[in-house]
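Per TrEMBL, the features are:
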type	residues	note
DOMAIN	337-483	domain 'Pentatricopeptide repeat-containing protein-mitochondrial'
REGION	28-56	region 'Disordered'
REPEAT	493-527	repeat 'PPR'
REPEAT	528-562	repeat 'PPR'
Amino acid sequence: MATLIRSRPLIRKFTNFKSITTVPFLSQEPQLAGTPPENTTPLPPNPSSGSPLYNENWRSPFAATSQSVSSSVVPLGFLRQSPAARIQAMSESLDGEGLMNLFADWVTTQRWEDMKQVFELWIRSLDRNGKPNKPDANLFNYYLRANLMMGATADDLLGLACQMEEYGLVANTASHNLILKAMFQSGEPLSWADKAVKLLERMIATGVEFKEALPDEESYDLVTGLLFKANLIDDALKYIDSALKSGYKLSMNVFNECVLSCIYSNRLDTLVSIIEKCKKTDQNKGLLPPWNMCTHLADCALQADNSELAFTSLEFFVKWIVRGETVKPPVLLSVDEGLLVAALGTAGRTYNVKLLNGAWEVLKRSLRQMRIPNPESFLAKIYAHASLGQLQNAFATLHEFEKAYSSSKEESAEELFSPFTSLNPLAVACCRNGFVTLDSVYYQLENLSRAEPPFKSLAALNCVILGCANIWDIDRAYQTFAAIESTFGLTPDIHSYNALIYAFGKLGKRDEATKVYEHFMDLGVKPNEMTYSLLVDAHLIKREPKAALSVVDEMVHAQYKPSKDMLKKIRRRCTREMDYESDDRVEELTKKFNIRMGTENRRNMLFNLRYNMEYSG
């Protein structure tokens with residue numbers, strides 16, 4: 001029977017069989033001269049071969065094969081169901097290299113069950129020299145992979161890997177990676193995380209002498225991915241750092257897990273350092289999170305005022321935009337303008353010039369010259385430049401802002417250029433170093449008004465007037481106001497008059513502030529809500545709540561609603577001046593406009609506090 005199985009015509013039936021020689025196969029069994037007896041017992045295998053399976057019943061090889069099914073390395077229930085003579089022939093006719101070629105073909109067709117069966121039969125068969133077949137590490141890895149694909153657990157694979165020592169084999173990187181993959185796919189990351197770390201450390205230690213056992217990119221990816229699933233972020237970041245130092249490339253999944261884990265654990269600075277290390281290596285500088293993750297990353301960075309991480313997220317956006325423009329058909333991606341406005345605000349708060357320029361460039365690239373930026377974008381850029389002390393760039397941005405929106409006829413357009421609200425950061429920056437900065441800004445504006453083409457900005461001059469008022473310099477404020485017509489040839493607007501009223505009122509010159517109000521009313525300039533608020537403050541400084549209430553009446557007549565803060569200030573002054581009649585008038589106004597004033601018990605306690613110079617006994 002054995003002779004028939006090994007005969008050449010039977011082997012030719014296998015189309016997948018790859019012969020490694022052109023010499024016809026010759027049977028190793030001697031041909032008998034006469035008709036052999038029917039019950040001839042074959043010779044046993046050589047005991048010196050050292051086969052770990054020598055304890056089989058050599059007197060009945062086929063019976064031993066059927067009995068070894070129950071004692072195989074992994075239970076083979078399907079062999080007891082339908083043993084295949086073709087599989088049996090393969091296992092007895094192929095050598096190691098031929099079996100490798102066969103397994104390589106079977107991997108593409110995913111014949112894992114056949115691969116496992118053939119291997120287990122092959123290691124129990126004899127080679128052409130009559131010795132037991134001995135696999136190498138790569139051939140054994142096919143067996144491990146077949147078990148993994150058939151649902152073997154990590155414990156099963158660890159047991160199989162231990163049996164490699166019986167054949168004098170040392171598990172290489174691929175062997176360990178198959179075990180790590182089983183741990184990763186187990187669905188219980190917390191229970192396998194410690195074992196995965198120990199296995200990785202063992203690979204590193206073994207790799208000192210046996211280089212083929214050193215961990216590779218897949219090893220680090222599997223371990224770090226398992227640690228991230230187990231929420232062991234510190235250990236995961238440690239091995240990511242080791243992988244980067246070893247020059248390995250991080251997989252996209254591990255990189256995304258790293259980004260999300262650092263965000264959720266509020267380790268933004270650590271994430272910045274990891275991304276910077278990735279940028280320094282050629283194999284990792286192309287890592288790019290998905291678009292939605294970039295948006296989430298930028299949002300978290302801006303909320304935490306982390307300018308470096310915010311700039312990194314902008315770099316990711318630019319890569320996505322460039323990638324979308326290069327594909328066919330092109331995909332035009334745009335970053336949300338509100339997100340970029342927040343980035344400009346973060347640049348101003350953190351004094352980061354790189355983030356300021358980057359956010360504005362991304363904004364222009366997102367708009368693609370199809371429309372101009374929103375007013376909030378211009379104001380955020382002005383604020384950032386003013387915070388950084390770059391007044392020249394701030395006024396240049398203000399010039400662009402005026403060209404884009406000065407002719408707007410919307411109701412809110414007037415407030416866009418108010419030095420008290422929208423442009424207040426610029427007005428504060430003008431007086432940062434006192435009159436030195438104010439004079440420098442004024443002379444620059446004066447020189448620009450004579451340039452070709454001339455640059456004349458009424459909003460910039462209003463900021464200078466308010467800056468003078470902030471440093472209590474009424475003379476410079478008045479001279480700048482007068483220069484609007486005489487030097488620059490412009491007409492003062494309501495913001496110019498409000499800035500002058502504020503300058504007079506701050507110094508307690510209520511009558512001069514009132515004259516300014518009467519002057520522009522005669523010129524036909526319509527006051528706004530800020531005008532009445534400044535006049536109320538001027539009267540309260542002079543301790544005249546009745547006059548302040550008369551201004552409120554004019555304000556109401558002009559269809560403006562007094563603010564809660566304004567009425568609180570008037571009521572506080574009425575209490576201190578014991579003007580109960582005016583206080584009742586304030587109560588009427590609060591009921592009329594449905595304003596809940598609240599109580600001021602704590603303020604009253606401080607106001608009525610009696611100080612005593614004597615120590616209590």
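Glycine is treated like the rest: Cβ placed from N, Cα and C.
The average pLDDT computed for the repeat 'PPR' (493-527) is 93. Under 8 Å from some Cβ of the repeat 'PPR' (528-562) lie the Cβ atoms of residues 414, 418, 420-421, 494, 497-498, 501-502, 504-505, 508, 510, 513-514, 517, 569-570, 573-574, 577, 579, 582, 585-586, 589, 593, all in the same chain and six or more residues away from its ends. Counted with DSSP, the domain 'Pentatricopeptide repeat-containing protein-mitochondrial' (337-483) comes out as 106 helix, 0 strand, 41 coil. With DSSP classes pooled into helix, strand and coil, the tally for the repeat 'PPR' (528-562) is 26 helix, 0 strand, 9 coil. Counting residues per DSSP class in helix, strand and coil order gives 26 helix, 0 strand, 9 coil for the repeat 'PPR' (493-527).
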